[in-house]
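Structure record follows, encoded as structure tokens.
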Amino acid sequence: MEHRTATLAEADRLMTVCNSCRYCEGLCAVFPAMEMRRSFADADLNYLANLCHNCSACYHDCQFAPPHEFAVNVPKVLAEVRNDSYAHYAWPAALQPMFRRNGLWIGLICATLVALFLFGTFLWNGAGAVFSAQTTPENFYALMPHNVMVALFGPAFLFAILAIYMGGRAFWRDISARDMEDGAHQSGIDYARAGHDAGRLTYLDGGGDGCMNADEQTSDNRKLWHHLTFYGFLLCFASTSTGTLYHYLLGREAPYPWWDLPVVLGTVGGVGLVVGTAGLLRAKLRQYHDVRDDTRFGMDAAFIAMLFGTGLTGLLLLFLRETPLMGILLAVHLGVVMTLFLTAPYGKFVHGIYRYLALARFARERRGEMVPQDA
Amino acid sequence: MPLNQIERNGPWDLLVAGGGNAALCAAIAARRAGRSVLIVEAAPKFYRGGNTRHTRNMRCAHDHATDTLTGPYTEEEFLDDLLRVTGGNTDEALSRHMIAESKSMLDWIQEQGVRFQPSLGGTLSLGRTNSFFLGGGRSMLNSLYATAERLGVEVVYDAEVVALDIEGRTFRAATVRHDGADIRVEAAAFVAACGGFEANIEWLKEGWGEKADNFLIRGTPYNRGTVTRMLIDAGMQQIGDPTQCHAVAIDARAPKFDGGIITRLDCVVFGVVMNRDCERFYDEGEDIWPKRYAIWGRLIANQPGQIAYVVFDAPNIKRFMPSLFPPVEAPTLRELAEKLELDPRKFEATVTEFNDAVVGGFPFDHTEPDGNRTEGLPVGKSNWAQKIETPPYYAYPVRPGITFTYLGVKIDQQARILMNDGNGTPSDNMFAAGEIMAGNVLGQGYAAGIGMTIGAVFGRIAGQEAARHGA
């Protein structure tokens, strides 16, 4: 079969080997999904790749892994396909090259935006106001009025949503184009199942024992770190949303006391983000070398760094909001958050979207396959 | 760890030659009984474990369904199956003992870290009788090695036993070649668990003659039978003959060694099988899987050039498990024959003759004998006969693929190797487990998962008995 890239051709070769063996079918979702196919088009491979968590259990279990002449390294090749797929489906197409040297791009954008916020804050308010705003009743809003924040972040947020939606839609259309001949249709239960599997990271456990690390010992830490990061992120998002509702619905303006919902959610979420991302980075560095896609380390690291930065600057802002550092921290925090929003469609953030969609497709395929067996 | 560093701790209570399922079960059992254990594995670390790397399930008797087994499989039923596949060519008392021991093996092996999964997909027919390893045989091995090393078993890779020092009935020491040096390793007991000799083509030739040059070896290239030969030469009793082995039809394009499961083809039933002279030579519809699977290796070994061709047409391509290599494909039978470098005229004539003889007209059903057969052919097809008439046409070239061999050493119920002294006196401190003594149980034939049962059960017995000996 013709493939768009050499990596996809290699993935096809591996899936043909694996489909003749099937010993790994109990480990995760990739292999049962593979077994429902006898040939692997680019869309199939992108789908399978986005089901893979790179836990590397199948690599350690494989009798055909290197140095065997069949050289089967599924986690590494699927990582490459997966990372390529983020760029392939990104919208608009003109921004797809951002996935090349992704770490550099995101680093530059972040530095630029932080500088702009700092520069703007000083220019707008003057240095004296920046270092004394913590004493005013308006606090943050003395430096940047709420409406200005909304005017800056609202469009950035909406653009990110649009771009992520367009990318996700292209991925979804591609992977669901195949006719499975089983008569099943995508339904609500599949999306619910996918939510369950994505939320619990059902398949990120090496078949039960956790991921293999550099020392070939299994551990479940990646799952823990990812949970802390993901749910920390959600709590931070909930904190911001609650704050927005307070502002517009209740007329209660920031800053809020330490016991109030936006602060509690933000604090717990921020701690989750900082601890979780630090753990993820450590796990990434300790991961078994042979199964990593080292060419994309920058993309992974940039996303982890942005989440870590969001959590850390947010927490610092909370704890130091009554000191003269507040003004500078606010500008840095806003610059980091703006970068997170703007670059979300062009970095590792999209992995969650594609993973969820792939799981939704898998839930429907598995349900469809089970129909004739139950009958 | 290099052997020369470990050796200073010797002499050992137990030396285990080999590194697969049987070797690890022996080592773990002895270590759990408090003995010092050294494993010498001839293969490098990646290739450790011999044919265990290529396995995926184990057949154990059990009285009840479990999380991973769909129903009970009694000792009586297991024995019936064993007697049937071997045609009674087994040491029945030993087999009964093994089957009884297999019951507790299910729990024991899981206590050593091995994980099971329910049978899925293409293996549902074994879901009641066989326990499938999560992640397959190499995953199982990884678990056993992790447990053994945690318990303090020492393991050396790239360490081949090249000589045995045996005095009468007693093992004294082995010479182990490692890292360019020959090192003498003394031990109070010795377990030979180092597989068969299928990678030793010269030995296969003693049974098969020059035909063996055309055999493909499905598993490890490290099973050369050196220890088996040394034991027999030192006066141990041989069991089995060099022609007995598990041999199936595999893709002729497979590598000479270690192609494993992915080169097997189970499409014989869907078409006809011809030799290189374009002649059919055996009833392709005699029996259903898995029996039909296990006879074709021998059948093809006895054809000219040890090669044959499975030929079928378009409707059948999706009816069997995919395999590594794509089938040879052509729009006409003539072109297919040309691609296979066979005589197109004879090829077409054989297919036409077969098509003209097909009778029955029942719905095709490959899961049970369907009554569609041929009439009037010298070599008939007694089930699943369908005309080969819908292009494109497909063919797979197939050769005998040797899975494992049965010639080995004779043992008793304590897994002690017996002397070749006319009385079958047990040796003093030498034990055997796994493929090296499989011929005690399997005089011929095979049923899925029995190899691993033999390895695990006799491995555990050997380890326990060796530990008692060293006490």
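Cβ atoms here come from the backbone N, Cα and C positions, even for glycine.
What TrEMBL lists as transmembrane segment is A:104-124 (among others).
What TrEMBL records for A:144-165 (among others) is transmembrane segment.
The transmembrane segment annotation in TrEMBL covers A:228-249 (among others).
According to TrEMBL, the transmembrane segment annotation covers A:261-281 (among others).
Summarising the annotation, TrEMBL assigns transmembrane segment to A:301-320 (among others).
Summarising the annotation, TrEMBL assigns transmembrane segment to A:326-347 (among others). Counting residues 6+ beyond its ends, the transmembrane segment (A:326-347) has Cβ neighbours under 8 Å at 86, 90-91, 95, 98-99, 102, 105-106, 109-110, 113-118, 120-121, 125, 129-131, 133-134, 139-140, 143-144, 149, 152-153, 156-157, 159-160, 163-164, 167, 299, 302-303, 306-307, 309-310, 313-314, 316-317, 320 in the same chain.
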Honestly, do the transmembrane segment (A:228-249) and the transmembrane segment (A:104-124) touch, with at least three Cβ pairs under 8 Å and pairs 6 or more apart in sequence?
no
In contact by Cβ distance (the transmembrane segment (A:144-165), the transmembrane segment (A:301-320); 3 or more pairs under 8 Å):
no
By a Cβ-Cβ criterion of under 8 Å, what residues six or more beyond either terminus of the transmembrane segment (A:261-281) are in contact with it?
221-222, 224-240, 242-243, 246, 254, 301, 304-305, 307-308, 310-312, 314-315, 318
